[in-house]
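Engineer: Below you'll find the structure I mean.
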């Protein structure tokens, strides 16, 4: 699954980043394979999503989150 | 100001300050340099060049505050500048040392950029800032271990609480910067044989720098043409996939950094960060928007309440100065030009400072507390269908007070297309200068009645005009979205930083810097246009003007009492304006504005108020030779109401004409200060001209339709 499909408060491990022009931008922000992310907020009407990654809260648009392939942690 | 010149024997050392966004870099810059700052330009881009001078133990050091960035990869204009300065493409901008500021809580992200700088071969020192936050998050950084791993000097500071600033000064003074050699070798992620001739051509001793130049050199328009040509040609023959190499570099770098971090970072316990609770409310799908609306309302109330006092004072001061000059200077064209052209022109610039300073003060507070990126998060979804970005909300909302700070705030938008659309539509928001025009015209034709018992019709009309402006913004933005083309991809990717109390010193500095920028950059244009308009309004064909004056003097000579003299003077100044060059232009455009329901007198007011909308009211007062206090709405309203069209015998200001005028002012540019700021922000006359043409056209068509509906 990809990060945009997570539900609120889901925590997941990043498996890999799919090919996209945004891949490098996501990586420099710290979205790297092996890292854990938690979905904390979603803005209304399919708006941006805010993920906790380490100590920071990072907002991404839905299509940007879709680049991140994740595995849900139960 | 302190002495900024270094002794002629020693060259002033240049230190570039760099770091990720939101790491407190600007606070450190402000504390090192104080008010000793200068804002300049980098060639080819709209990014401001912020420089300051630090004096320490009798020596001066030049500090360059670079825009915040996560990496050396130049994705936006800001990052192109970082890339240019740090790759030392140009001798002029070449820093001697680099001071890298890292947020202690975001160690790995900071080290990503820091190690790139090391690989570029730059002499570096690291400042681990926000040590207070690290403590709060129960993180401990073993600084000495980190130093051993990375190999560059490291300082710990808490700039917000003024801790460690002296140590930074001392470090700079001691020139305690170093480079330990590559953190990762270029050969780990690409075939360095490809770089041999790049190194030769550009005379470089470093593979990583050669790779950066080859990969990103074309993004920077600051590079000499023959060098760009050489890179383009070289890129055709390169066999390595440079994009893949960049990804590989990123992976390797982060892998190596996380192994460093494992040894230097001790996480004592995992605690849920405090802002989670606040964000539950502030990012709430309902409460979040409501609170945002409430904050906006408070800001506007404050601006209207606080700005009006200094604005009245400024207004009064320049009026006094003008009349004092008239009385003191010998009569003649020079005295007139000074008293009625130059002084009011300068006053017209200065009058905006309270609004600009206050608005930027509030914006700085919102930014500094970390709330602004929450607003971007909430609004992005609603802005995008119109080709705007979440960040566009700031300029648009500012536009309700004044378009000038709004346009200036648009520079934070990274994507060129979204920035241009924002700049182009912001002046359509109904600003405070339109309010006097609206109020007079509404008072003229809308009865002060209530419908449904409590809704005031006049208030409803006013609300309607504001909504019309918003509608204009959305429609125009949508139109521009389909017209403007760009290859840049729009993305959000914004950090929602930890909530903090604002740093008041930085807020004050922002207010000061923004006001100064406005005065120095836009002031000249505004002054020039006001002088031209004054000349056009006070001169006309000499024979006509002379005969009006002679007639006036003859009448005054036989006048019986001061009231009569006043009356004669009013009529004469009205006649003088009618026969001036602006008057002639007003008559000339009458056929064009007749379909909108305007006569030539309104035409004169339209031309005169091209510089600033609020001039409409005072010009109307002069044309209709309204006595008494021209600031008094009631007198103007009465006089305007009694005007009869000599041809039709109907009132000049009937419903149709008044509504048509209101709609015209909703859409028309009519503000040279905004034009001047757009000129500055877009670095040319192309966009301000396009903007004036489209807004005037829009205003004309909308006013035409309005007149046809109501007549």
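Keep in mind that glycine also has a Cβ here, set from the backbone N, Cα and C atoms.
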Engineer: According to TrEMBL, which listed range is transmembrane segment: B:493-514, B:515-536, B:537-558, B:559-580?
Structural biologist: B:515-536
Engineer: With TrEMBL as the source, which of B:421-445, B:596-620, B:621-645 is set down as transmembrane segment?
Structural biologist: B:421-445
Engineer: TrEMBL lists transmembrane segment for one of the ranges B:264-285, B:286-307; which is that range?
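Structural biologist: Going through B:264-285, B:286-307 one by one, TrEMBL gives transmembrane segment for B:286-307.
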Engineer: At the level of the C-alpha atoms, what whole-angstrom distance separates residue B:25 (GTP binding site) and residue B:34 (Mg(2+) binding site)?
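Structural biologist: Rounded to the nearest whole number, the Cα-Cα distance is 14 Å.
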Engineer: Could you measure between residue B:48 (GTP binding site) and residue B:33 (Mg(2+) binding site) for me? Cα positions, answer in whole angstrom.
Structural biologist: 17
Engineer: What same-chain residues lie close to the transmembrane segment (B:457-480): Cβ under 8 Å, and 6 or more beyond its ends?
Structural biologist: 385-388, 396, 400, 420-422, 424-426, 428-430, 434, 438-439, 442-443, 446-451, 662-663, 666-667, 694, 698
Engineer: Given a Cβ distance threshold of under 8 angstroms, which distant residues of the chain, six or more beyond its ends, lie next to the transmembrane segment (B:342-366)?
Structural biologist: 295, 299, 302-303, 306-307, 310-311, 314-315, 317-319, 321-322, 325, 372, 375, 394, 398, 401-402, 404-405, 408-409, 432, 502, 506-508, 510-512, 514-515, 518-519, 522-523, 526-527, 530-531, 534, 611-612, 673
Engineer: Of B:30, B:33, B:34, which is closest to residue B:67 (GTP binding site) if I measure between C-alpha atoms? They're all binding-site residues.
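Structural biologist: It is B:30, whose Cα lies nearest.
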Engineer: Compare B:286-307, B:386-409, B:421-445, B:691-710 by their Cβ pairs under 8 Å to the transmembrane segment (B:515-536) and return the stretch that comes out on top.
Structural biologist: B:386-409
Engineer: Give the distance between the Cα atoms of residue B:130 (GTP binding site) and residue B:34 (Mg(2+) binding site), rounded to the nearest whole Å.
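Structural biologist: About 20 Å separates the two Cα atoms.
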Engineer: Quick check: with B:30, B:33, B:34 left out, which same-chain residues have Cβ atoms within 8 Å of the centroid of the Mg(2+) site Cβ atoms?
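Structural biologist: The surrounding set, listed in chain order, is B:29, B:31, B:32, B:35, B:36, B:37, B:52, B:54, B:509.
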Engineer: Does anything in the same chain, at least 6 positions from residue B:19 (GTP binding site), have a Cβ under 8 Å from its Cβ, and if so what?
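Structural biologist: Those within reach of residue B:19 (GTP binding site), by Cβ under 8 Å and sequence separation of 6 or more, are B:25, B:68, B:100, B:101, B:102, B:103, B:110, B:113, B:129.
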